[in-house]
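Q: Quick one: this structure, given as structure tokens, is what I'll be asking you about.
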Amino acid sequence: MATACPPLSLPSTSLLRGGRSARAAGPRRRQLSAVRCSAVGEAVAEEASVGTAEEPLLVSAIRGKKVERPPVWLMRQAGRYMKSYQLLCERYPKFRERSENVDLVVEISLQPWKVFKPDGVILFSDILTPLPGMNIPFDIVKGKGPVIYDPLRTAAAVNEVREFVPEEWVPYVGQALNLLREEVKNEAAVLGFVGAPFTLASYCVEGGSSKNFTMIKKLAFSEPMILHSLLQKFTTSMTNYIRYQADNGAQAVQIFDSWATELSPADFEEFSLPYLKQIVDSVKETHPNLPLILYASGSGGLLERLPLTGVDVVSLDWTVDMAEGRKRLGSNVAVQGNVDPGVLFGSKEFISKRIFDTVQKAGNVGHVLNLGHGIKVGTPEENVAHFFEVAKGIRY
């Protein structure tokens, strides 16, 4: 039987605890002489702590506490690569009928939990879910993606956008989060998520997905005050949404700023960074212990700026070397990631090798193992199972 992992030696680097109260001081990453692991398919004799009555493993790791292994979950772990999800889609073909029905949201969110037992169970939803509650009609069209029927490109259109009140517009989200907490207890962390202001604005100004982001940049560079007004509305609304998710059971919340990396560093500092910082600061006033994770794909050019938002965790994509990313981010923030999702199309030996390499470079404090992007459609389910099996077999 193949061994799950070879001995690894990790360099000693410092990483402070992710919690804001620990920013001034915290534990340094210990020198690791080796990572212990099981043989694939064998039970681990010394089982890692998967959570306590007080706190799941993932939350403990983010806070910089000593853990026996890196917690692991995967972006888009509930989705189209799973046969169980495909069968459900046959019965409920429209995305929004799946993502806006509490029973289906819970069922889909739990599909990977029941099969793989990840350390994070993320709510099945979409970053655009709040839009109708802000007076922005949208739909998700199969084969096309999100469609905003009336793009927001004028001051008059932006004036019609209202503040999002989650309790009124998405009660099923709160209900689903509570049910997920009841189901997984603290064996895993229940994760919520929101879209970042610039990314939401990009969808709403462009009218959907975009390759060139011509319309949002035209607005930013010709009538910036209109865009700033829209960004502020999203900032207030997403602050409300994060608080709502936390109040209903989310133990960490990930902020997706997928399109901010289309901005130059100078424009990021004007149109994204201040709004992200405002969200983090506002949420921490009311929920100081809620871990906040920031993910922005293709963020290599902006990496040093991401910790300035004040988030507890920066999620790296696969285009950044994990060791270099650690160094560039500094010691005051935890890290998530960052295996290339394409690796899951490789051999099991190759998948194992990339997992060990990532864990070695990340060190043994403040790391959440994940992909550098969501799971791709067509990913073999057995390879996802192997990813989790190997990851959960690692011991620091």
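Backbone N, Cα and C atoms are what each Cβ position is placed from, and that goes for glycine too.
Bear in mind that TrEMBL entries carry predicted annotations, made automatically and left uncurated.
According to TrEMBL, the feature compositional bias 'Low complexity' maps to 1-25. What TrEMBL lists as domain 'Uroporphyrinogen decarboxylase (URO-D)' is 71-80, 191-207. Under the heading region 'Disordered', TrEMBL lists 1-27.
So where do these features actually land, and what's packed around them?
A: Sorting each residue of the domain 'Uroporphyrinogen decarboxylase (URO-D)' (71-80) by its DSSP state yields 0 helix, 1 strand, 9 coil.
Over the domain 'Uroporphyrinogen decarboxylase (URO-D)' (191-207), the average per-residue pLDDT in this prediction is 97.
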